[in-house]
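Written below as structure tokens is the structure these notes are about.
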Amino acid sequence: MDTRTDAAHAAVSVRWTPRQVWALVLVCLASLIELVDITIVNAALPAIRDGLHGATKENIAWVIVAYLITFGGFMLVGGRLGDNFGHRRTFMIGLGVFTVASAACGIALDIEFLVAARAFQGLAAAVLAPMTLALITDIFPAGAGRAKAITIWSATGAISTSLGVTLGGLLSDGPGWRWVFLVTVPIGLVVLALTPWVVRVGRSERRPGSFDVVGALLVTLGVTVTVYAIAETDTHAWGSVRVLSLLAAAAALLLYAAVHEAFIAAEPLVPLPLIASRTVIGASLVAAVGCAGFYALFHLLSLYMQTALGYSALRTGLLMLPVTSVGILSALLVPTILAALGARWAVVLGGVLGGSGMLLVAAGVAADGVWLHVVAPAVLVAVATPLWFITVSIVVVAGVNQSDTGLISGLLTVCRTVGGAVGIAVVASVLTARPGTDGAAALLSTEATQRAFVVASGMYAAFVLAAILLLGNEGRDRRGVTAP
């Protein structure tokens with residue numbers, strides 16, 4: 001597929017209809033509430049622990065873990081369901097269940113009910129999330145218009161991190177933790193009501209064919225066990241029998257899933273040519289490693305500000321708002337940079353800038369002045385993030401058939417989710433490396449905090465290497481090219 005277009009022509013040829021504009025607004029709103037729901041709950045955990053019957057320090061983490069397990073585990077299935085039964089239909093089902101589950105979380109009377117509702121919420125998000133990008137490819141034809149739409153969609157995801165922390169702190173300190181879940185309900189209902197009228201897709205979006213149930217179960221179980229194993233590193237060492245056994249079981253399930261998909265399934269969940277694509281493999285691995293570093297940064301910043309500096313969740317979120325807000329502005333430059341450098345070197349540039357910013361943060365935690373020595377370097381990481389995040393999204397959907405966009409979007413989201421979880425787990429392990437030291441106590445030590453940030457910067461070094469080795473240089477033309 002030729003993804004090259006003259007930049008000068010593209011600059012004047014991007015014209016969206018009013019229906020396309022409103023459709024993009026709805027898709028971005030749906031993506032926003034699904035992404036915000038991850039970080040908004042993190043900020044509210046102390047309030048939930050203190051205000052919900054049965055919640056304790058030992059079980060409160062399951063409010064997060066239950067969501068992540070079903071979210072990561074069912075993502076590929078959610079993407080393929082959309083390809084088989086229609087992106088818009090699947091989007092509406094996922095959004096509807098997500099909204100109902102959010103309301104259920106808000107009225108939970110005990111910790112068991114809340115954890116169960118969060119699991120359903122994660123399941124619904126696994127169906128909803130891949131459909132947002134898939135619908136964009138349905139609504140906007142390949143070309144500069146689609147690239148611009150994906151840029152805006154990605155920028156929406158960028159602001160969700162700090163927005164979630166800020167809203168979580170504001171709602172927890174104000175009307176109460178239940179509103180952390182209830183705040184997304186009216187937005188979900190509005191988007192759900194308007195979608196049939198605004199989002200119009202052709203009949204060709206539906207892909208007929210059987211559904212590989214065995215492959216779906218194997219992949220779902222494999223990814224679910226992987227996410228669960230990573231979550232268990234919060235209370236068990238990476239080398240413990242429990243964690244190693246879970247990782248071995250996950251590897252066995254995923255290996256058998258690969259054999260089943262390649263040699264047994266008549267209609268594979270993930271077609272072999274898709275998995276064998278250099279673009280898909282490269283983009284997926286780069287997304288995983290990039291999100292490991294990015295999520296590690298925000299996790300460490302949040303812990304550092306609230307534990308070492310004693311800031312409230314609200315103040316922490318407000319401090320991080322400039323970080324992601326500047327990232328939104330830099331996202332607007334991505335098509336131009338992609339045109340000049342191509343995918344590989346645009347991603348490499350993002351990785352180099354991100355890793356440099358992370359090292360500056362590591363040095364800054366030992367100095368006085370959080371704005372100058374911590375927030376400002378973190379802004380550099382945020383500026384760099386759209387370079388690789390958006391580029392990977394643009395390139396990967398340009399390299400697959402329209403009938404596979406739901407699946408490929410799900411695969412990309414799985415890689416980001418698992419990569420982010422690994423990044424957080426790794427830096428958490430670094431913080432607790434000394435025997436008898438928990439994460440909170442370690443963050444009071446400048447040495448431990450710096451060590452964790454340096455390890456996170458090492459993730460960016462691995463990211464740059466992966467980009468150089470695995471990515472092609474799509475999107476570049478000597479005349480000036482926009483992304484697909």
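Note: Cβ is positioned from N, Cα and C throughout, glycine not excepted.
Automated prediction, rather than curation, is the source of TrEMBL annotations.
Worth saying up front: this structure is predicted, and the values here are computed from it rather than measured.
What TrEMBL records for 23-475 is domain 'Major facilitator superfamily (MFS) profile'.
The transmembrane segment annotation in TrEMBL covers 21-48 (among others). When Cβ-Cβ distances below 8 Å are used as the criterion, the transmembrane segment (21-48) is approached by residues 55, 60-61, 63-64, 67, 91, 95, 98, 102, 114, 118, 121, 125, 128-129, 132, 135-136, 139-140, 149, 152-153, 156-157, 159-169, 171-172, 176-177, 180-181, 183-184, 187-188, 190-191, 194-195, 198-200, 298, 302, 313-314, 316-317 of the same chain, each at least six residues removed from its ends.
Marked as transmembrane segment by TrEMBL: 60-78 (among others).
Here TrEMBL flags 90-109 (among others) as transmembrane segment. Sequence-distant contacts of the transmembrane segment (90-109), counting only residues of its own chain at least 6 positions beyond either end whose CB sits under 8 Å from a CB of the stretch, comprise 30, 33-34, 37, 52-53, 78, 81-82, 117-118, 120-121, 123-129, 131-132, 135, 178-182, 184-185, 188-189, 191-192, 195-196, 199, 406.
Per TrEMBL, the feature transmembrane segment maps to 115-137 (among others).
If you look up TrEMBL, you'll see 149-171 (among others) marked as transmembrane segment. Counting residues 6+ beyond its ends, the transmembrane segment (149-171) has Cβ neighbours under 8 Å at 20, 24, 27-28, 31-32, 35-44, 132-133, 136, 139-140, 177, 179-180, 183, 298, 302, 312-318, 320-321, 323-325, 327-328, 331-332, 334-335, 382, 385-386, 389-390, 393-394, 397, 483 in the same chain.
Under the heading transmembrane segment, TrEMBL lists 177-199 (among others).
Marked as transmembrane segment by TrEMBL: 211-231 (among others). Sequence-distant contacts of the transmembrane segment (211-231), counting only residues of its own chain at least 6 positions beyond either end whose CB sits under 8 Å from a CB of the stretch, comprise 61, 65, 68-70, 72-77, 80-81, 84, 243, 246-247, 249-251, 253-254, 256-257, 260-261, 264-270, 414, 417-418, 421-422, 425.
The annotation transmembrane segment is assigned in TrEMBL to 237-259 (among others). Within the chain carrying the transmembrane segment (237-259), a Cβ under 8 angstroms from the stretch's Cβ atoms is held by residues 215, 218-219, 221-223, 225-226, 228-229, 275, 425, 429, all 6 or more beyond its ends.
The transmembrane segment annotation in TrEMBL covers 318-338 (among others). Listed by sequence, the residues of this chain that lie at least six past the ends of the transmembrane segment (318-338) yet keep a Cβ under 8 A from its Cβ atoms are 7, 144, 147-148, 151-152, 154-155, 158-163, 165-166, 298, 301-302, 305, 311, 346, 349, 370, 375, 378-379, 381-387, 390-391, 394, 475-476, 481-483.
According to TrEMBL, the feature transmembrane segment maps to 345-366 (among others).
Residues or ranges marked as transmembrane segment in TrEMBL: 378-400 (among others). Same-chain residues lying 6 or more positions outside the transmembrane segment (378-400) and placing a CB less than 8 Å from one of its CB atoms are 1, 3, 133, 137, 142, 146-147, 150-151, 153-155, 157-158, 274, 277, 279-280, 283-284, 286-287, 290, 294, 297, 301, 320, 322-324, 326-328, 330-331, 334, 337-338, 343, 346-347, 349-354, 356-358, 360-361, 408-409, 412, 463, 467, 471-472, 474-475, 483-484.
Marked as transmembrane segment by TrEMBL: 452-471 (among others).
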